[in-house]
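The block underneath contains the structure these notes are about, expressed in structure tokens.
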């Protein structure tokens, strides 16, 4: 009996340190796992920084925002675009009405944009895209926009025509009308211009002979009447 008790006591004493080591091993295992998670987070931050360099310092895109704007009206509203909307869009629509054609302008931020020109139901729509700040400004509101000939869009060209190569105005040439020659080539031979020919001024041709005959007939008639 004493021997059995001694064996049990030895087993109990030897089992306690083993359980303690096992518990210590279980506590020590999570530490390397937590360390690995920290390394993964650092790697993700490095990847995000490499994918978008300088994104923190970049100012957000701003676009003009007007839903319905008529020609000549000013658009005074702007909006800051999110990173998912990198385009400023301008939509111009031309539609026919009872009073003629009506043109409206719409502008805003968008995520995708493609320049198009199409006609839907008698309305022609023109869509333009740009990616710089306030680039979708109405053409009449921007004094820097120039027309293809070199003049500004909000004012007509000055006198003269702009040369396509030199970029300067070339005034039109003045052509003088050639005066008629004074040698009388276009005048009648026997008189001046705008006057009938013949000896009597202001009478048609042959009037002198007819007048003489008429006078003679009148004279003979008077003699016949007096003789009778």
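Cβ atoms here come from the backbone N, Cα and C positions, even for glycine.
Sequence annotations record features per position, and here Swiss-Prot assigns signal peptide to 1-22 based on sequence analysis.
According to Swiss-Prot, the region 'Disordered' annotation covers 21-32 (among others), on the basis of similarity to another entry.
As annotated by Swiss-Prot, sulfotyrosine applies to 35, with the evidence given as similarity to another entry.
Taken from Swiss-Prot, the feature domain 'UPAR/Ly6' covers 61-148, and the record attributes it to sequence analysis.
The N-linked glycosylation site feature in Swiss-Prot is assigned to 76; the stated evidence is experimental evidence. Taking Cβ-Cβ distances under 8 Å and a sequence separation of 6 or more, residue 76 (N-linked glycosylation site) has no neighbours in its chain.
Averaged across the region 'Important for interaction with LPL' (102-108), the predicted model reaches a pLDDT of 94. Annotation comment: Swiss-Prot describes 102-108 as region 'Important for interaction with LPL', evidence class similarity to another entry.
Taken from Swiss-Prot, the feature region 'Disordered' covers 145-200 (among others).
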